[in-house]
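Report on the structure given below.
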């Protein structure tokens, strides 16, 4: 069985489920950047504040979910990877070009507003803000494509299993040292390897995905995975569970997997959320501009509205703003190519197709 052999109705339902998950993790990410990584950032909330605890509860789940979904999409888009150069070139355009362009805009925004950004050239070669995910994803995809070419297309699942295991052993058990500088977000890439490869393998094994979706106990197991993961995450956020070293790394891997497979098995499906999830890439790229503006204005005006109100407003602006911005960007093919990494020829063809015939 292949993914394309599934009934159209099933594939459509799967797409809605994945886009629903995308929307959920986008809201989680926007909340994270509203709150900030510590009381010195964002809304400047103390660790014990409930909103801060809620945000930090998912700290080990957010990016694994994004990477898991990226692996699922990568599997659909590339098949058995017949042309490594084409795949790598497309992924460089889709990931690295927006990283450079939008990352530069964010670096400039920080510089102008009195932030303390790293030296500008370093944003292209080391981890910068949340754009590290694009560097890490490109490293993962490139490594997988090249190794698949070396070992042969029929062995792509074995390569995926090997890379996933390498990520667990390297990051979780620290069998190899990491560089002192996080060049091109390699440390993050190693952490995300098992999640990306799990998403890839799940899409390449549609009969397994169907079992995870349709088994009578699937939703119950999925809910249990999420509840257990969230309880552990809450206790870490409240410092009731204080782990370091190997146990902390392994629990982070567990929490990532519990979130990924818990959401897949729970089969959450919402047309409204799916429409938001379809804009997940734009939300990922641009939400920080809107959350930063919201929090800075809130502080500058003396916090005129309650905390919960500013959080809700920030969530709305952090998701809705990028959605509107994407539609504006797509009016200009060059902007769509530079900021979203979309193919310039297709953007130009799309623009011509939408113009009046007499234009």
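Yeah, the Cβs are placed from backbone N, Cα and C, and that goes for glycine too.
Note that TrEMBL annotation is computational and uncurated.
Here is what TrEMBL records for this protein:
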{"type": "DOMAIN", "residues": "17-324", "note": "domain 'Acyltransferase 3'"}
{"type": "TRANSMEM", "residues": "21-43", "note": "transmembrane segment"}
{"type": "TRANSMEM", "residues": "63-83", "note": "transmembrane segment"}
{"type": "TRANSMEM", "residues": "95-112", "note": "transmembrane segment"}
{"type": "TRANSMEM", "residues": "132-152", "note": "transmembrane segment"}
{"type": "TRANSMEM", "residues": "159-178", "note": "transmembrane segment"}
{"type": "TRANSMEM", "residues": "184-205", "note": "transmembrane segment"}
{"type": "TRANSMEM", "residues": "217-237", "note": "transmembrane segment"}
{"type": "TRANSMEM", "residues": "249-266", "note": "transmembrane segment"}
{"type": "TRANSMEM", "residues": "278-299", "note": "transmembrane segment"}
{"type": "TRANSMEM", "residues": "305-325", "note": "transmembrane segment"}
Which residues, given as numbers and ranges, are at least 6 beyond the ends of the transmembrane segment (95-112) yet have a Cβ under 8 Å from it?
120, 123-124, 128-129, 131, 134-135, 137-138, 285-286, 288-289, 292, 337-341
Given the transmembrane segment (21-43), its same-chain partners at Cβ distance under 8 Å and 6+ residues beyond its ends are 51-52, 54-56, 58-59, 61-62, 65-66, 69, 130, 263-264, 268, 270, 273-274, 276-278, 280, 283-284, 287-288, 291-292, 294-295, 298, 307, 310-311, 314-315, 318-319
Which sequence positions outside the transmembrane segment (305-325), separated from its termini by at least 6 residues, show Cβ-Cβ distances below 8 Å to it?
23, 26-27, 30-31, 33-34, 43, 45, 49, 51, 276, 279, 282-283, 285-287, 289-291, 293-295, 298
Beyond the flanks of the transmembrane segment (159-178) by 6 or more, those residues with Cβ under 8 Å of it
140, 143-144, 147-148, 151, 186-187, 190-194, 196-198, 200-201, 204, 246, 249-250, 253
Lying 6 or more residues past either end of the transmembrane segment (217-237) yet within Cβ distance under 8 Å of it, the residues of that chain are 52-61, 211, 243, 251, 254-255, 258-259, 261-267
What parts of the chain pack near the transmembrane segment (184-205), using Cβ distances under 8 Å and only residues at least 6 beyond its ends?
3, 63-65, 67-76, 125-127, 132-133, 135-137, 139-140, 144, 156-157, 160-161, 163-168, 170-171, 178, 212, 252-253, 256-257, 260-261, 264
Which whole number is the mean pLDDT over the domain 'Acyltransferase 3' (17-324)?
95
